[in-house]
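Data block below; observations after.
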Amino acid sequence: MELDEGELFMELIRDVANELDIDVLCHKILVNVGLLTHADRGSLFLAKGTPNNKYLVAKLFDVTQKTALKDAVTRARAEEIIIPFGIGIAGMVAQTKEMINIKEAYMDARFNCEIDLKTGYKTNAILCMPICNYEGDIIGVAQIINKTNGCMEFDEHDVEIFRRYLTFCGIGIQNAQLFEMSVQEYRRNQILLNLARSIFEEQNNLECLVTKIMTEARELLKCERCSVFLVDLDCCEESHLEKIIEKPHQLEQRATRAIKGGDSFEEKQKMRNRFTVLFELGGESQAANVSRPSINDLSHSTLAQIAQFVATTGQTVNICDVHDWVREHNQIRAEGEIDSTHAILCMPIVNAQKTVIGVAQLINKASGLPFTESDASIFEAFAIFCGLGIHNTQMYENACKLMAKQKVALECLSYHATAGQDQTEKLIQDPIAEAETYNLYSFTFTDFDLVDDDTCRAVLRMFMQCNLVSQFHIPYDVLCRWVLSVRKNYRPVKYHNWRHALNVAQTMFAMLKTGKMERFMTDLEILGLLVACLCHDLDHRGTNNAFQTKTESPLAILYTTSTMEHHHFDQCVMILNSEGNNIFQALSPEDYRSVMKTVESAILSTDLAMYFKKRNAFLELVENGEFDWQGEEKKDLLCGMMMTACDVSAIAKPWEVQHRVAKLVADEFFDQGDLEKLQLNTQPVAMMDRERKDELPKMQVGFIDVICLPLYRVLCDTFPWITPLYEGTLENRRNWQDLAEKVEMGLTWIDHDTIDKPVEEFAGCADEEIKDIEFTVTTLNCNQQSQHGGDDSHTPEHQRSGSRLSIKKTGALGKVVRSKLSKTLYNSMDGSKPKTSLKLLESHVSEDMDDKSPTSPSQPHLGSVGRMSASSSTSSAGTVDKSKKRSKLCALL
């Protein structure tokens with residue numbers, strides 16, 4: 001059954017509608033067009049090139065209805081025909097988008113008879129028609145030749161059938177091209193993924209990495225040769241490691257463009273001599289040729305000069321004709337190597353900081369065509385991966401160097417951090433006194449009277465008394481060396497030094513022994529706690545975690561939380577790992593992991609931030625009557641609270657010890673405050689501000705109330721044998737509160753290197769003359785108040801306020817000065833010397849100044865405020881109640 005023309009037309013449309021293989025589709029189109037128009041043969045050209053350089057490429061040529069697909073494709077690829085837009089019949093159709101119907105080909109000047117001469121075929125009629133996409137852009141040209149039904153030319157009916165069929169074919173061709181592009185994109189992505197994997201697999205071998213990238217690029221882009229020039233790496237690596245933590249800049253999308261000028265080239269040509277490595281991959285070779293070109297080699301190579309041009313300008317160069325480009329850029333010399341070179345695609349390779357570290361170069365497409373924008377886009381991805389790979393390799397190499405340097409530094413540090421053999425031998429030979437000699441069992445222990453060697457002996461005694469040396473088979477020489485090494489690794493800061501570590505360890509020892517808390521601990525935990533106490537402030541710099549963060553110190557970058565505590569633990573591990581210092585060497589692996597976990601947790605617990613996190617959970621356990629502390633979490637809580645209790649135990653020492661330690665703490669804090677003002681230009685908090693030193697008593701009271709008392713109170717509730725810590729803290733709170741009240745009355749007390757006395761003492765002698773001191777005395781007539789029945793509505797303001805003393809100092813007041821001043825004042829009041837010493841009178845501060853039963857008759861008040869010189873020996877004020885007045889004055893003084 002024969003199909004009519006309409007049915008055949010629809011059948012042929014269905015034949016091509018779902019075809020996505022571009023070769024098969026084009027073959028079907030030409031065969032079907034031959035059936036519809038009775039054409040002898042046909043050709044199909046596809047549009048290629050850039051907007052400024054478009055041309056037609058013969059996809060299939062001279063296809064008849066009997067030509068097999070394979071033969072047609074093979075012939076087209078073997079004899080690739082390229083027709084620029086505007087040249088020849090097909091070129092004119094592509095340029096004008098207009099159909100051309102030629103009845104006699106040889107009479108048309110646009111016809112090229114060379115093919116007829118080669119094949120012996122005679123072309124008579126030609127019908128050439130454009131193929132457009134849905135946007136109206138040319139995507140191809142179809143051409144049919146000679147009618148087979150006896151007609152000499154294509155008529156209007158043929159033209160209409162041809163046009164209608166090609167309309168549908170245009171849609172099919174565009175779909176097939178899109179499918180082909182998606183397949184290519186998929187393949188490209190697979191290659192890029194493989195390259196990404198290679199970057200990390202080959203990070204220790206730059207040559208293998210670059211060779212693999214070049215091989216993939218050459219195969220994907222179908223070019224003859226591929227080269228990579230690398231800039232002198234020594235000039236680029238100086239800032240790699242410093243910028244590792246910086247956010248890398250995004251690489252900007254680079255569009256290919258023609259480089260027209262070279263005005264700045266010569267000024268920047270110093271870059272030319274920086275190429276030190278050249279990778280070349282050409283022909284069928286799978287291995288790159290790696291060389292180190294000399295300056296002479298670079299200067300006599302046109303390809304190298306073009307690469308230097310790209311490295312200088314930082315722009316991609318897509319050269320269609322090398323000879324023309326070289327003539328336009330006369331600063332580049334043409335050498336013989338470019339005789340066989342036609343097209344070049346050259347692109348800079350940059351690192352994360354957008355610094356040019358090399359140039360990638362593609363030479364000659366296998367098809368003989370110029371490189372397209374699509375080629376440039378794909379090649380850019382290879383250049384980016386090449387840059388990442390080179391950068392990553394450099395970083396890896398530098399990291400390896402840094403690791404080697406770190407090992408050397410650790411070896412040196414370990415050597416210098418370890419105690420000397422002479423010191424160790426001496427400590428081994430020294431006799432170790434009993435624990436009672438050092439007062440180790442007491443919560444009132446102080447190290448003030450111990451020399452440095454005694455502090456080490458005291459530590460050894462604590463280990464012996466806890467039976468740790470024999471229990472865990474610690475070699476005595478190793479223990480001695482470890483103790484000396486720990487002492488050596490404390491810096492000579494004012495408070496957080498070796499002596500502070502000794503005091504913390506002794507408090508832990510006293511809590512375990514005197515406080516009977518050892519019954520709740522295993523021997524391994526006792527070992528870990530004592531080691532943690534001795535190491536909990538190793539290498540302390542006299543500054544806190546907040547200071548490390550503010551200054552962005554390396555420690556703050558290394559440890560984001562509990563900065564110093566993590567550093568202390570790392571220093572502890574470093575000492576233990578040093579030769580001859582591992583006191584845990586005889587432990588089993590399981591015991592070693594357990595004791596190290598205890599040490600780490602205990603040291604980190606000395607961060608008050610950790611204390612505040614754990615405190616509520618501990619308080620809840622105690623309030624619920626917990627008595628079993630053997631669970632892992634509960635034991636960790638208990639050890640953490642014990643570490644904090646030991647760390648702040650100076651607050652529970654006798655007053656003569658506590659206020660000396662407080663002065664050391666204050667001095668260290670003030671030093672940090674000075675650094676914050678100097679380095680950060682910020683105002684430090686009150687406790688670190690030297691200008692607010694008089695507020696220290698008040699801040700000590702706050703510290704006791706917020707941290708110390710709640711902690712010691714809850715520990716004493718559960719473990720009553722450590723009550724001395726709580727009681728000592730209470731007593732010191734009363735002393736600090738007393739000082740705080742005196743400071744509020746205008747007395748300073750911390751102007752000296754030591755604060756042996758709670759009230760400020762100034763240099764002075766008994767013979768110094770009291771002068772330049774003005775004071776004001778206001779006296780209240782107590783009887784007058786009682787006569788008014790307690791109603792003070794008629795009492796003058798200065799009488800209602802009671803007795804007051806105001807001293808204006810123009811110089812420093814010493815104790816002797818104040819004593820003479822008080823004597824002068826008393827003598828001016830009643831002409832007699834005070835019968836009570838200053839120390840005794842200070843105990844009367846709490847006496848009621850408004851006592852209704854005075855021991856002496858009421859006296860008239862002095863009247864209004866009177867101003868006297870300190871050198872005055874008499875007063876017109878009359879007599880007053882001596883005992884009350886003396887108590888008040890001495891309290892104020």
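For all residues, glycine too, the Cβ spot is worked out from N, Cα and C.
The divalent metal cation 1 site recorded in Swiss-Prot includes H536, D537, D647, and the single candidate from H500, H566, H567 that the record places there is H500. Around the Cβ of D537 (divalent metal cation 2 binding site), 25 further Cβ atoms fall within 10 Å across all displayed protein chains. Per-residue confidence over the domain 'PDEase' (420-743) averages 93 (mean pLDDT, predicted model). Cα of D537 (divalent metal cation 2 binding site) to Cα of H496 (active site, proton donor): a span of 7 Å. Other Cβ atoms within 10 Å of the Cβ of H496 (active site, proton donor), summed over all protein chains shown, number 24.
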